[in-house]
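Asker: OK, TrEMBL features for this one:
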{"type": "DOMAIN", "residues": "62-285", "note": "domain 'Anoctamin dimerisation'"}
{"type": "DOMAIN", "residues": "288-871", "note": "domain 'Anoctamin transmembrane'"}
{"type": "TRANSMEM", "residues": "299-326", "note": "transmembrane segment"}
{"type": "TRANSMEM", "residues": "377-397", "note": "transmembrane segment"}
{"type": "TRANSMEM", "residues": "460-487", "note": "transmembrane segment"}
{"type": "TRANSMEM", "residues": "507-528", "note": "transmembrane segment"}
{"type": "TRANSMEM", "residues": "555-573", "note": "transmembrane segment"}
{"type": "TRANSMEM", "residues": "671-694", "note": "transmembrane segment"}
{"type": "TRANSMEM", "residues": "722-746", "note": "transmembrane segment"}
{"type": "TRANSMEM", "residues": "826-847", "note": "transmembrane segment"}
Amino acid sequence: MQMMTRDVLLEMELEEDDDDDGDIVLENLEQTIVSGFGSLESQQDFRTPEFEEFNGKLDSLFFNDGQRRIDFVLVYEDESRKETNKKGSNEKQRRKRRAYESNLICDGLQLEATRSLLDDKLVFVKVHAPWEVLCTYAEIMHIKLPLKPNDLKTRSSAFDNFNWFTKVLQVDESIIKPEQEFFTAPFEKNRMNDFYIQDRDTFFNPATRSRIVHFILSRIKYQVRDNVKKFGINKLVSSGIYKAAFPLHDCNFSSPSEDLSCPNERYLLYREWAHPRSIYKKQPLDLIRKYYGEKIGIYFAWLGYYTQMLLLAAVVGVACFLYGYFNQNNCTWSKEVCDPDIGGKIIMCPQCDKLCPFWKLNITCESSKKLCLFDSFGTLVFAVFMGVWVTLFLEFWKRRQAELEYEWDTVELQQEEQARPEYEARCTHVVINEITQEEERIPFTTWGKCIRITLCASAVFFWILLIIASVIGIIVYRLSVFIVFSAKLPKNLNGTDPIQKYLTPQMATSITASLISFIIIMILNTIYEKVAIMITNFELPRTQTDYENSLTMKMFLFQFVNYYSSCFYIAFFKGKFVGYPGDPVYWLGKYRNEECDPGGCLLELTTQLIIIMGGKAIWNNIQEVLLPWVMNLIGRCRTVSGAEKKAPRWEQDYHLQPMGRLGLFYEYLEMIIQFGFVTLFVASFPLAPLLALVNNILEIRVDAWKLTTQYRRMVPEKAQDIGAWQPIMQGIAILAVVTNAMIIAFTSDMIPRLVYYWSFSVPPYGDHPHYTMKGYINNTLSYFNVADFKSKSKENPYTELGDYTTCRYRDFRYPPGHPQEYKHNIYYWHVIAAKLAFIIVMEHIIYSVKFFISYAIPDVSKSTKSKIRREKYLTQKLLHENHLKDMTKNMGVIAERMIAVVDNNIRPKSD
């Protein structure tokens, strides 16, 4: 059918109390607009959808005629049957909607309306795009479509010999058949004969049809006011004129369709991808991409690849953990802590003022044993390995991403991204384009842009300060509660009480503070999500990609501080600036700074990571499973109200949950935060990759289950890559080398132990004839004279806590009576030099390896480059040959006509 160009636009009064989101100045629209606007009363210009009764075919994806496919569904509530809203408001909504639907018909789309079977107030408007409309907009959107079947042979892989093993993990090709590959090119109507069109009904697949129709729906106008137009389905849905707008699932997820022509792709995805019994199988990425679009497909491809790479990291991490476990008995310094003749006779100084008692070192026996599991030589090896692993992951993902770009036809994504309606609505300032020297409209001046950026940056900075304030609150909690635990828990000093054995003041403080920190993190996270969206909306990015990238950076910066601040505090600040018992450092002038266990803060950092990583994973999975399921259950109960009624496909999909425009954004964010935990602090917890691996295996299937069973079908979108998340991961990878090197150097006790073993266990500093770890604990604890407590108080607060003349504390200082008493000794300076040398050497080695790997592994494999060039060459050759054939044919016709004309002119003269 011939597309119509006549628009019906409502002329609305100035006093209408409607917001201006989505309003577009007329001069800013690149569409043909008639000068005389029709109104609702101009019935000759007004077109309405056909109202049809439901034909009883529950699984039908077509209009009642069974020929025209449903490409999109619009849902609204009939204003004539509303009871609570005002009559005037209902009439305004009805007029806008009818004008919009009229313009859809004028633009060539075909509509059919059907009333709901379960709720007679709801009306479903089914949208169908005819062949002419699809061809026109496919050319406008530069959609690549098949030219001819791809006859390039795939190279045999070296792993083909292991097909017997990998076949178990693959999806059965008899169930999900491999897609036929084609050479493709951007569609052009005037070269339609060049394309591989065997059947017009299947040339545009359902995902492409839905994308084209959504493109149209987002740009159809429905109202004009003061030379300003309103348009777009998003605006109509947000204002309540429509209840929903979505493409249809092709069938029920739990059973195939009764329609034999239905491909049942949703059912296949649920059975072979989302079902728990398929948890060990590889993902059917091609079918995911075909059904949901490239944007969803690239997310699951990345998540699957990340999970596969975690398998290697998890194996190495478990090996390092087992190394520490089996070498527990060789942990000399832990044995000395637990030995009643060594640790049981070492009296430690109180760790807070007045309330804290003296305590024996051996009450930390259990924590020292646990520390041997993580603070071992295997931890150093694993930290170096993870620095290389993260580079291998990023580089190999780039190659995999390039392969997907070729396979999914996004190598040269030519679709020009349109400006967001919210951006164009504010385009009121006219400037001269420096390149074209033509007038164009922008939403604000340079000065206005600077003001917006300043305000947005200030808002983000304020929220980051709020997180820092919460971290300070947690620190104050630690300092305050530690005094209470220290006063109550270790009442006797025999070290045999089970509470003392397993629940030391440090451990009790660490666990409770970690739990409170996790709760605060989740609360601030929920609030800031809304704040970040408000800030980004105010910033007004031009395109949807700019919008998502801007929101991504804001959210990640906030989440980085929110999730990692407590870990950074424990790793790099706690116990580092405490002074010594006679001259402690006070925080905020009131609270004495926290000290670490005699074995360091590494075990506490491990505890913090386990609680945050584990708590976040459990919370997110419960939320992702229960929330949509409960919402859908409530919706079904409200709608059916106990009646046993079967609904058609469009009505079943309406009662599912909408995914939301930023649904995929939150999935990425969750995984990137986890990626940070796995890489930034992995030196303190080698089992972090194993936890992440288990979580991700479940996450893939939970996300698949959500998409296929609980959510409406999303509008398919094109995507070449994972967007701004790639540079974020690269930044984390660079930072991870520094953090892990500093954790080993400053948080663990590995460097002091090595310095003692190689320098201070033997002469001239030590008394042992050979290198050994014996005497390490005694050598690393300094002496303090209890009488020197009076230097800070008129009365010694510790006289009633025991008759002790000296106590020990964790530091490297000269003993009382020494000419430089309480000053740092030679051991301290050796340790500091060794720590700095270790950081420099480790960073340079890992960075050198990282840069070498990045240079050695190209982003695009040689075979993929060859395929891309070969396909481009064959495509151009095919189009060129077809063009030459057409020209030759046309030239032949012209030549025959010219000869015929010449003959006709010459023959009369000869006669």
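Backbone N, Cα and C define each Cβ position, glycine as well.
Bear in mind that TrEMBL entries carry predicted annotations, made automatically and left uncurated.
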Asker: Residues sitting near the transmembrane segment (299-326): Cβ under 8 Å, six or more positions beyond its termini, same chain?
Answerer: 282-283, 285, 288, 372-379, 381-382, 385-386, 389, 392-393, 396-397, 400-401, 404, 664, 667-668, 671, 675, 678, 682, 686-690, 692-693, 696-697, 699-700, 703-704, 722
Asker: Find the member of 460-487, 555-573, 671-694, 722-746, 826-847 that has more C-beta pairs under 8 Å to the transmembrane segment (377-397) than any other listed stretch.
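Answerer: Between the stretches 460-487, 555-573, 671-694, 722-746, 826-847, 722-746 has the largest tally.
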Asker: For the transmembrane segment (507-528), what are the same-chain contacts with Cβ under 8 Å, counting residues 6+ beyond its ends?
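Answerer: For the transmembrane segment (507-528), the nonlocal Cβ contacts are 367, 463, 466-467, 470-471, 473-474, 477-478, 481-482, 485, 489, 555, 558-559, 562-563, 566, 604, 607-608, 611-612, 615-616, 619.
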Asker: Within the same chain, where does the transmembrane segment (555-573) have neighbours whose Cβ lies under 8 angstroms from its own Cβ atoms, ignoring anything closer than 6 residues to its ends? I mean 6 or more beyond.
Answerer: 460, 463-464, 467-468, 471, 474-475, 514, 517, 521, 524-525, 528-529, 532, 601, 604-605, 608-609, 612, 616, 665, 669, 672-673, 676-677, 680-681, 684, 728, 739, 742-743, 746-747
Asker: Check the domain 'Anoctamin dimerisation' (62-285) for me and report the mean pLDDT.
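Answerer: Reported value for the domain 'Anoctamin dimerisation' (62-285) is a mean pLDDT of 83.
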